[in-house]
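Under the heading active site, tele-phosphohistidine intermediate, Swiss-Prot lists 9, citing sequence analysis as support. Annotation comment: Swiss-Prot describes 87 as active site, proton donor/acceptor. If you look up Swiss-Prot, you'll see 8-15, 21-22, 60, 87-90, 98, 114-115, 183-184 marked as substrate binding site, on the strength of sequence analysis. Here Swiss-Prot flags 182 as site 'Transition state stabilizer'.
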């Protein structure tokens, strides 16, 4: 049996401000730093250790991983960063407040933009300063690989090749792996691992800073999964994620 730990980054400054973030490179909030520390502490308490770590090229995930590895005294292990683990690209919504957007377009539309597997938010244009092609960290990507917007399927289509080519072989080689990434890149991976339908994935909310453990068989098919959190805390944090896209009076 293999184990892999999935961890959504701690609360970011834009999570705190309830903004669509996507590929915008915002840092952790003070609460997010504390969430990452707590994640590291609970992993240590439960006896977890790691031989390799994977994360995105966005600092909220990278810093979460650093903090966790620091708590575990594992800052020396190899860390592999890939744009393929980035958050889903939210197109022209990036930077907008989710509740204000829900007020303007309706909660149902915003839920589709946030949670649907197939609906894409309005796209960026290439002359928009937010276009990732202007960012040196994506200099090696072809123009086709740089998104102007993404739905969850698009996100899955970049996450899963990286899982299959790089992460899965690392796990199969016997290395203990942690993946620190984002709400939607992890939802995409969970959809793939658990073979969830497009309808089922709409209702899945992954909270910030709570380790999610997958136990996998020899073919890396899930045996079971569980969060390292008590039921009450988990439900509260999942509900907070679900509420983000609702209009406020």
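Heads up, the Cβ atoms here are built off N, Cα and C, so glycines get one too.
Because the structure is a prediction, the values reported are computed rather than measured.
Recorded features from Swiss-Prot, shown on the structure.
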{"residue": "8", "record": "substrate binding site", "CB count, 10 Å": "31"}
{"residue": "9", "record": "active site, tele-phosphohistidine intermediate", "CB count, 10 Å": "31"}
{"residue": "11", "record": "substrate binding site", "CB count, 10 Å": "24"}
{"residue": "14", "record": "substrate binding site", "CB count, 10 Å": "20"}
{"residue": "22", "record": "substrate binding site", "CB count, 10 Å": "25"}
{"residue": "87", "record": "active site, proton donor/acceptor", "CB count, 10 Å": "26"}
{"residue": "88", "record": "substrate binding site", "CB count, 10 Å": "29"}
{"residue": "98", "record": "substrate binding site", "CB count, 10 Å": "26"}
{"residue": "182", "record": "site 'Transition state stabilizer'", "CB count, 10 Å": "27"}
{"residue": "183", "record": "substrate binding site", "CB count, 10 Å": "21"}
TODO: Look up the residue listed as 'active site, tele-phosphohistidine intermediate' in the DSSP assignment and reduce it to helix, strand or coil.
DONE: coil
Task: C-alpha spacing of residue 182 (site 'Transition state stabilizer') relative to residue 88 (substrate binding site), in angstrom - done: 8
TODO: Work out how many Å separate residue 183 (substrate binding site) and residue 87 (active site, proton donor/acceptor) at their Cα atoms, rounded off.
DONE: 7
Open item on the list: Rounded to a whole angstrom, what is the C-alpha distance between residue 11 (substrate binding site) and residue 182 (site 'Transition state stabilizer')?
Closed with: 10
Open item on the list: For the C-alpha pair, I'd like the distance in angstrom between residue 98 (substrate binding site) and the residue listed as 'active site, tele-phosphohistidine intermediate', rounded off.
Closed with: 19
